[in-house]
Structure formats: C-alpha cells, structure tokens
C-alpha cells in the first residue's frame, strides 16, 4: 500500500493527485472511521478513567456519550480536523449582553446592602455578633455553588451536551442533588468557623449560640441553594432558546438573586431561631439534625448520576477553601461593623463584593468555555500560556478574552456610580457620599476588579493546563478572593477616612 500523506497535506492539496492513490486513501479513511465508531463504546470507559485522574468535571462523561450521536458521517471530517473556536464577539456585543444582567445583579447587591444595613441593628446581630462572620461565607455560596453551576451548564449548552431531554434531565437532577450536598456541608462548616473565630476573639463559648449559628447557616444554605439552583437552570435553558450566550447572563443573574435571597433568609431564620432559644431550647438542634439527615438522600442521587459523580468526590477542595477565605472576610466585617464609628460600611459591603464577584465570574466562565471548545482539559494547545501572563496581555492584547476583560473593567466606575446614587436616593447607610469618600471607594473597587481579572486570566489557564476543569474550580476561589479583597479594601478605606477627619455617621438614622 502506498504511504498515506498527512491529513493536513490532503486538505491543502484539495483533492489534487493521482486518482488511484485518492481511491486507496478514501478506502483507508472509511475503514479507519468504521473502526473508530465500532470501538467507541470500549474507549469511552478508558477515556473517562483517564479524565478522572486529571480532575475533569462531570461534563466530560456526557460529552463522551453525546459525541457518539453527533459525530459526522463524512469520512473526510477526520482527515481535516478543525479546532472549534467560539464565534468572534465585538466589544459592543459583549457589553450589550452583559449590561442588563450586570445592572440587575448590581441592584440585587444594593438591595442586599440595604437589608444588611437594617438587620445589623437587630437583637440577634448585636447579641450574637458571629452572625456577621456567616454573611460573606453564605453569600459566597453563590460563587461556590450557583455561579459554578451556571458556568458548568453554560459550557454544557455551548458545546452541545444539553440537546436531548435525556441529557437535560441528567444534568438537572445530578447538579441539583450535588449543590444540596455541598450547600449543607459548607453551611455546617461555615457555622463551625464562625464559632471558632468568635471563641478565639471573644474568649468565651456559648453552646446555645453555637447551635443557633449551625441551624441558621445550614438551613439558609440549603433553602437558598435549592431556590437559586432551579432559577439558574431556567435562565440557562431560556438563554439557549433566545440565542443568548448564557456565559454572559447566567452568572450575574445568579449573583443578583443570590445576595438578596441568602441574606434575607439568614436574617429571618436567625432572628426566628434566636427567639426560640428562650421558649424552646430543642428547636435549634432539631433543625440542624433535620437538614443533616437529608444529606444521604442527596448524596445517593448525585452519586448515581455520572455527570456529578466525579465532582462529588473531587470538588470539595475549592468549595471549602473558598468558604474559609470568605470567612476571613466575614471576620473583618464583624470587627469593623461592630464598631459604631464604622456602621456605614455594612450597606456597601455586599455591593463592592457583589460587583467584583459578578464581573470576574463572567470572565472566568467565558475563558473556560473558550478553552472547552479547543479540547479536553490538560490537552496542550497554543492557547495555554507557558508562564504567568503579563498585565499587558491580559488587558491590552487583541485576544477575545482580553477584549472582554477591558469591557468588564470599564463597567466598574459607571456601575458603582449608579449603585451608590441608588443607595443615596433611598437614604441608606450611615455615611454621606462626599467627594473624598467616592474617591476612596472607587479606588478600592477598581483595584479589586483589576486584581481579580488578572488572577482569573492566570488561574483558569493554569488549572486547564493541569487537567482541572475551571468551571468547577476557578469561580469559588475568585469570588472568595473578591469577598476578601472587597471587604478588606473597604474596611481600610473607612479607617483612612476616619483618620483624616471624614467621620459622618448620621445618615439613615
């Protein structure tokens, strides 16, 4: 048999050559294609096993199955493989698609800030100040769970894994069960972290308060994740039907609802359970036991689904570490807001944290989808930088991801101006929006987003190059870092403003 030329050479030649050689090559291609199709069933298990060792997310198993039904019957398709690259988007189209969800998310964080500004004076928050430590940790669940869910499903939609009803049902049931397991465990761990931090700083331990924190945290995480998870599924399926890229809209909508729903649930549940301490001491332990007892049921459902089995065993590290990072931000919030001189910080904390987390989640989701269209995680490609990217490449190159980074960064100042004006017009907070306050606030917000977008560019590519799916691992870390940076920079700004004489604390009283 004459030697077979390279596929690229065949494509370049465009059919020019000896007719007998072409016929022989076509027979070889057809025979190889049949062999690949016949052995597909046996290779799926091997590919899945190898992918598991690299920490690839649950979507890969569905992709393997989906590829059997979508593979082209054209034998020339294998001879001229092409990398699937997402369609080019202009800066205007990116900004237009992100604008409405970004504003919606921002107004959600404003509403959450107004709620926190009010509830910080409630008895449960003044008597059990450790509840403040729970705030960033539980609000961070939207990044740990709901935004990660949105990113996973957005990628699945964009690469054709949710075309049939069977695929959609498998994705929905597996992911709902998965986030319920993760929410319950993370809620319990967040309450333990709050108890430990409070014990270390205050020097005393109260069992009633510890059980209250556990019951409030677990029930809030469970209910919020169930509600937001169902909303995310509806948003992504609706985006697909409308022809909108779900990467641009799903994560901001998750954030817009996440902060407000979670904070309202935490405030209402903790207040109700605090009142029950005096009347019925058994209510809080029963609530804890009830939600923890549901864990095995959700665990079995998630484990039976191949789409979530891998994440169920390997996806805990980013969620737990992100919770710990957010808890440190909660500790900063607790110690700052507990000081009457800095009570005005409460209304701005969800806003600055939410905006930063929303923007970096959109960027991380876009980069992850872009990489998914080039092949599986861990596969060497020219799109993966060999070293830590330079800021110029992240923000000023002609790359599609650099373009989206510039668009997202430009949203910071006008977005915050709109949100701050909304807070001021509603007479929220305890701080007058003076020029010097606006300058310090904008400096903190710009620095936060600038650092987050740069870290996202490095982290997503770094994880991808090591076989880790960024949809599962990057967003929890990035949103938790956003909470820590936002809370820390905002607290620093308030302390500097106090030192230089800007000490207005009567607004909203």
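Using N, Cα and C of the backbone, Cβ positions are placed for all residues, glycine too.
Worth saying up front: this structure is predicted, and the values here are computed from it rather than measured.
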Listed range which TrEMBL flags as transmembrane segment, given the options 123-143, 144-164, 249-269: 249-269
Among ranges 38-60, 61-83, 176-198, whichever one TrEMBL labels transmembrane segment: 176-198
Range annotated as transmembrane segment - as stated in TrEMBL, picked from 372-392, 435-455: 435-455
Residues of the parent chain within Cβ reach of the transmembrane segment (314-333), under 8 Å, 6 or more residues beyond its termini: 52, 55, 57, 132-137, 139-140, 143-145, 178, 182, 185-186, 189-190, 193-194, 197, 201, 345-346, 349, 353, 472-474, 476-477, 479-481, 483-484, 486-488, 491
Contact set, same chain, for the transmembrane segment (435-455): CB under 8 Å, 6 or more residues outside the stretch: 348, 352, 355-356, 359-360, 363, 389, 391, 394-395, 405, 408-409, 412-413, 416, 420, 478, 481-482, 485-486, 489-490, 492-493, 496-497, 500, 502
For the transmembrane segment (281-302), distant same-chain residues with Cβ under 8 A (at least six beyond the ends): 173-174, 177-178, 180-181, 184-185, 188, 208, 211-212, 214-215, 218-219, 222, 273, 308-309, 312
